[in-house]
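If you look up TrEMBL, you'll see Asn103, His108, Glu113 marked as oxalate binding site. The feature Mn(2+) binding site is assigned by TrEMBL to His106, His108, Glu113, His155. Per TrEMBL, the feature disulfide bond maps to Cys29-Cys46. The annotation domain 'Cupin type-1' is assigned in TrEMBL to 59-209. Summarising the annotation, TrEMBL assigns signal peptide to 1-19.
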Amino acid sequence: MKVLYFLVSILALTSVSFAYDPSPLQDFCVAIKDPKDGVFINGKFCKDPALVKAEDFFKHIEPANPVNALGSQVTPIFVDQLFGLNTLGISLARIDFAPKGLNPPHIHPRGTEILTVLEGTLYVGFVTSNQDKNRLFTKILNKGDVFVFPIGLIHFQLNVGYGNAVAIAGLSSQNPGVITIANALFKSDPLISDEVLTKAFQVDKSIVDYLQGQTWYDNN
């Protein structure tokens, strides 16, 4: 009987060890009953290995022009831009900053970010979750410095120097996703109800209407 209990325990543990959901690579993937109606999978379909070329793993990045309302421009190299990244679990982005330029508060729902400064001086930071009392971690980064932004946490980068700045961000997903906080709250389609936003921010409706009427720039 003890042997039977032992075998049952082992089987239970084995079942648990394989009972997990892989990390999603898009915002959602709704199940369907008929496969012929399927239009997307968790990732990309794979190219025939016999047809793969070096170009599938290559991408040249030009410096971006950060002349816009934010003073920054992000050039993503995710799986949509470089197909060779498919299934590899990594990607990167180049961020160009004008003087005083900002990469505004945003999150990557599917990836941790590690950022290194190639040129200039950046003030960077992230905010922890509610359970951790929304603590703010910040640092001034100079050329050669590296900083990590944990997955799913709000973070930002501000050029505090007097010249241009450049940074490279590595991300732990081929499609980490980007949600810019201001855009998501005040530029959603359709717009979030005034009643929700006025109560959430404890402000008058006129302020919410003003914010929703602004042009929210997307630097990605």
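Cβ atoms are placed via backbone N, Cα and C, with glycine included.
Around His155 (Mn(2+) binding site), taking its Cβ as the centre, 22 other Cβ atoms fall within 10 Å, counting all chains. Of the chain residues outside the Mn(2+) site list His106, His108, Glu113, His155, Ile107, Gly111, Phe126, Phe149, Leu153, Ile154, Ala169, Pro176, Val178 have their Cβ within 8 Å of the site's Cβ mean position. Cys46 (disulfide bond) and His108 (oxalate binding site) are 25 Å apart (CA-CA, integer value). For the pair Cys46 (disulfide bond) and His106 (Mn(2+) binding site), the Cα-Cα distance reads 31 Å.
Cβ atoms within 8 Å of the centroid of the Cβ atoms of Asn103, His108, Glu113 (the oxalate site) belong to the same-chain residues Ala93, His106, Ile107, Leu115, Phe149, His155, Gln157, Ala169, Leu171, Pro176, Val178, site residues excluded. When the binding-site residues His106, His108 are compared by the number of other CB atoms within 10 angstroms of each CB, His106 has the fewest. Residues within less than 8 Å, Cβ to Cβ, of Asn103 (oxalate binding site) and separated from it by at least 6 positions along the same chain comprise Leu70, Ser72, Val74, Ile95, Phe97, Phe156, Gln157, Leu158, Asn219.
Cα of His106 (Mn(2+) binding site) to Cα of Glu113 (oxalate binding site): a distance of 12 Å.
Taking the C-alpha positions, the distance from Glu113 (oxalate binding site) to His155 (Mn(2+) binding site) comes to 10 Å. Within the model, the domain 'Cupin type-1' (59-209) shows a mean pLDDT value of 96, rounded to a whole number.
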